[in-house]
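Enquirer: Could you have a look at this structure, given as structure tokens, before my questions?
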Amino acid sequence: MITNTSLEYKGDTYPSRIVLVEQNVDSFYFHSENNVILKITVLRDSLIRFRYTTKGYFSTDFSYAIDKSHTHGYNFLEFQEFEQFYRITTSKVNCIIQKADLRVAILDKNNHLILEDELGFHWEESNEYGGNIVKMSKTSRDGECFYGLGDKATQMNLKGKRLENFATDQYAYQKDQEPLYKVVPFYIGLHNKQSYGIFFDNTFRTFFDFCHERRNVTSFWAEGGEMNYYFIYGPQMQDVVTTYTDLTGKPELPPLWALGYHQCKWSYFPESNLKEIVATFRELKIPCDAIYLDIDYMDGFRCFTWNKSHFPDPKRMVAELAEDGFKTIVIIDPGIKIDKEYAIYQEALAKDYFCKRADGPYMKGKVWPGECNFPDFTNPVVREWWATLFKELVSDFGVKGVWNDMNEPAVMEVPNKTFPMDVRHDYDGNPCSHRKAHNIYGTQMARATYHGVKRYAYPKRPFVITRSAFAGAQRYTSSWTGDNVATWEHLWLANIQVQRLSLSGMGFTGSDIGGFAEQPSGELYARWIQLGVFHPFCRTHSSGDHGHQEPWAFDEEVLNITRKFVNLRYQLLPYLYTMFWQYIKEGVPMLKPLVYFDQEDIQTHYRNDEFIFGNQIMVCPILEPNALGRRLYIPRGQWYNYWNNTAMTGGKELWIDTDFDQIPLFVKAGAIIPKYPVQQYVGELTFEELTLDVYFKNGKEKSVVYEDAQDGYDYKKGRFSLLSFQLTGKENELMIQQHKEGKFETSYKNYKINLIGLPFEVRSIEIDTVAVSLDADGYIQNGFLFVEKGFSVLHIKG
Ligand code: MIG
């Protein structure tokens, strides 16, 4: 029986004293008398891997989560022996290993303790399955805070919580319900203004306890596999997150349309119904780029088939939708119907691609099509086969994206809601049971889907979305938070879950806007859209059992609010695309919880609701009915209220009034925010100018704008445009210096500059040191300043 505890347990074993130490370049092996080996590998000065075995030797080293192209290399490495301990020193940390018991402590360069083993590594032999239940406990200091762990539906700061990682189809989950769809065994600790991260790279069911069981102890453990974790030193949370994201990988850029608005429902059918929905978007002028086909488009829920009475001619329909700017996205589930007439089933059967039970028969489970077998996506041969299945959908029918659902994997009518644990998996040549492969199954499915869609979408970019995911899945896919509910509490949860995923390396995420289960009031829907347009993935979805959830399903006021906020998202597309580029390039999370934004300010440590969208816009949703405003915390620094451009100083909690058609939004002083005109879909318009909203600051601020062809791969060959703006404001002048990198030429010629918060009246303007006449040349029209885009210095004086 698995014990659900990290604590001293009578059957637990501990490493004994060190009897032998070996070094091999960047790796150190500490052998204990009782056959434990601790292997410490210095990957970077601030990234150290700890791996333990209790057998006296290590098994094959294999990980689905680690990105093989991650950065390594250190600047300094020294190994020393002292009387009681050994010490590994890098340019960032000192790592102490006790000779008596293998316990580890990590200190910064000023010898301040960052993290220290309490009991340290210990284990319980698993008599039922073989191997060990591997455990780790660390001491936690008063005031320490904890963040991360993926999609957990609870407060941002995890202190005091025990959490479980086991991918689960958790329909209509509640606040604090565990476990959920995704598994990201990565957390960030923050103490004394110093952040560090732990990534426990183990795909078995894992648990994390943040001072829940014992006040000053943090622990994590797994039901099998190795104690294998990475320690990441900050001290800035920014550095922890970017190092973690580098380690587990970053995606490529999505096509820009994927950052537009998506509309979904379970299900739009037949074709006439779908056509009516898309026509209404255009008629009501609510921008929309993507429309989804849920399970009813298939013939009896058989993957890669079409229900010909609902959709007689998919190719024509998809093409017609595309002409109107709609990209078609279809759902594909893992279960393959057991049906001897069904080609996909026949082929998988003939090639032996399905998962088997321990004693040989194929694993059988009930899902939408009835009894199904399930491909073993942990087998690279099966993944390759799966990828080829997308040829018809993508190349022939023109589908632009694929939605993977039910891949926890979910099974109906069985108490554990998933595969039996004895099911066998290839695990890329490391055969194992479902206990080990469960948490990674969904990611391997999404990975296979991604490779297929990418191959056939080429030279365009693919779009894939998944429900289940393990750490590293961000390399292949976007994701959503699963089957939420149309309640105010779920709006609160969606906000935290998406921020938390962002901090956990999984940036391209969003929630079902309006709630999946049950029916939102118009007010709740409006409040959800107002938040959802600031999530990297922005889609309305509902189960459809309870009527309609299109923007026009409510009243005129809600419709207008929806349009206003979706329009704002489309205006902000270049800003959003730039943050995406910073994410794929540097691993910078697109949404930043306040604690990430300013960890030195302890006011941020327990905040949940406010977040920074990109680098310069603070968003705070309204999370209650009948609100006339709300209390919120504005981080330190100078800000402008987006709605009325009043300047304010942060570092305080205050009440902000809002109307129903607003949520509190603040822009950082000095920011230059790029905007496109509203389009009904990405690429609808070509335009003459890029709008730049320039927020005056007395001081300096840098802003960047990334653009490219919005699809395709030319950006990888240098065909992108990266504009860097350095704003310098003084009492009587404002200077904007511009620098461009990249070979892409944007189609617009001019900037339409909107000067906000200027404390002086404009008396003169110089472009690259040449004075321009203020009225004659029409530089200023309706309060906007029109200038050609290519300047180096724009100098505005009072
Ligand atoms: O058992 O495909 O989370 O988004 O609409 C339900 C039907 C299966 C669950 C997904 C949801 C989707 C629904 N699916």
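Using the three backbone atoms N, Cα and C, a Cβ is placed for every residue, glycine included.
Worth saying up front: this structure is predicted, and the values here are computed from it rather than measured.
The domain 'Glycoside hydrolase family 31 N-terminal' annotation in TrEMBL covers 38-209. Marked as domain 'Glycoside hydrolase family 31 TIM barrel' by TrEMBL: 251-579. Residues annotated as domain 'Glycosyl hydrolase family 31 C-terminal' in TrEMBL: 587-673. The domain 'DUF5110' annotation in TrEMBL covers 689-757.
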Enquirer: Looking at the stretches 38-209, 587-673, 689-757, which one shares the most CB pairs under 8 Å with the domain 'Glycoside hydrolase family 31 TIM barrel' (251-579)?
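Expert: So the stretch in question is 38-209.
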Enquirer: Give the residue counts of the domain 'DUF5110' (689-757) per reduced DSSP state, in the order helix, strand, coil.
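Expert: Secondary-structure breakdown of the domain 'DUF5110' (689-757): 4 helix, 42 strand, 23 coil.
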Enquirer: Determine the mean pLDDT over the domain 'Glycoside hydrolase family 31 TIM barrel' (251-579), rounding to the nearest whole number.
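Expert: Averaged over the domain 'Glycoside hydrolase family 31 TIM barrel' (251-579), the predicted model reaches a pLDDT of 98.
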